Amino acid sequence: MSKEKFQRVKPHINVGTIGHVDHGKTTLTAAITTVLSKKYGGSARAFDQIDNAPEEKARGITINTSHVEYDTELRHYAHVDCPGHADYIKNMITGAAQMDGAILVVAATDGPMPQTREHILLGRQVGVPYIIVFLNKCDMVDDEELLELVEMEVRDLLTQYDFPGDDTPIIRGSALKALEGDADWESKILDLSKFLDTYIPEPKRAIDQPFLLPIEDVFSISGRGTVVTGRVERGIVKVGEEVEIVGIKKTTKTTCTGVEMFRKLLDEGRAGENVGVLLRGTKRDEIERGQVLAKPGSIHPHTTFESEVYVLSKEEGGRHTPFFKGYRPQFYFRTTDVTGSIELPEGVEMVMPGDNIKMTVTLIHPIAMADGLRFAIREGGRTVGAGVVSKVLV
């Protein structure tokens, strides 16, 4: 292979603002784009451009989200900001905007509030790996001791949810003053950008992770064997490599004897590509949609897990009535529906449309899964909820 030509491309990182209502998330987002565009190029975005977020659909759920982008010294960032509290919850649970790290905005005038706690907890449950704190509205607090107290509270809260509270960077600033062009407060935004560059490590790209392909279809080709098709979710599969078929039935091993894309034969299939994989000695009836093809040992089948779930409201096309323990909907993982029963937390009798809730699910068939896997909850083919596996149990 010839050497790739050198391109001046900064690494790409996904981040977002989280925190309590009115603590300044959107103002901070506007301030970041404004201050950084002056220094590193790019376009400044005004508060009302960000606040007026377009609707998006993710897993059948409508979410209002604003996407902005900016450059720092070392990287290019895609940054997501949501106008409403419910939008944040939906966003984090559906993984509509996967975050490599989050900026937690806490107003120094208020300290941590209920949604501060809820966003940190959700961050832990859905696998937001890093949090940086921006202590906002510091121009309105003259008392150094008060600022230290708020910082301590935030660190304690982070530690409570298994984030490294003591080592978390906390930047004291004023998003509004920075947005207005006050140089002292602008420098705090630059400090924040440096922490984004250094505290959030570069994520492992999909191509460098162990091979996984969710099976969408299975064909039998006479004289050649069985072909499964699907989009490679991560990693690379090479001709001649051993792979496992995981989920629904007992895990079996087989060998990839060919990879094709658009009827052309390839040496390998890579993350993001839609491919057909030819399998040696596997019969058509031994494999089905909903299983995955994976690097041996990299993923295991499970039936029981804890999850964080958002239940669609009636207005979003969800259920019109609550559900109770013993509810048995379908759980849609990757390419297939599996029936499962639910257990609710102690003291919770029912779940209303529009709620978000922690629940334990037991499926009737095992599915290849690991913490962080997203799913939809469906009844008769329509989506009534969205969730994420927070902890695999059995």
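First residue shown is number 1, and so on along the chain.
Each Cβ is built from the backbone N, Cα and C atoms, and glycine gets one as well.
Since the structure is predicted, the reported quantities are computational estimates derived from the model, not experimental observations.
Between the listed ranges 50-54, 60-64, 140-144, Swiss-Prot ties the annotation region 'G2' to 60-64. Of the given residue ranges 19-26, 163-170, 299-306, Swiss-Prot assigns the label region 'G1' to 19-26. Swiss-Prot lists region 'G3' for one of the ranges 81-84, 117-120, 333-336, namely 81-84. The feature region 'G4', as given by Swiss-Prot for the ranges 56-59, 136-139, 200-203, sits at 136-139. Helix, strand and coil counts from DSSP across the region 'G2' (60-64) read 0 helix, 4 strand, 1 coil. Cβ neighbour count for C138 (GTP binding site) (all protein chains, 10 Å cutoff from its Cβ): 21. The number of other Cβ atoms within 10 Å of the Cβ belonging to C82 (GTP binding site), over all protein chains shown, comes to 24.
Of the candidate binding-site residues, G19, C82, C138, the one lying closest to T26 (Mg(2+) binding site) when CA atoms are compared is C82. Just so you know, the Cβ of T26 (Mg(2+) binding site) picks up 23 other Cβ atoms within 10 Å once every protein chain is counted. DSSP assigns C138 (GTP binding site) to a helical segment in the three-state reduction. Listed in sequence order, the residues of the same chain lying 6 or more apart from G19 (GTP binding site) and placing their CB within less than 8 Å of its CB are K25, L104, V105, V106, Q115, T116, H119.
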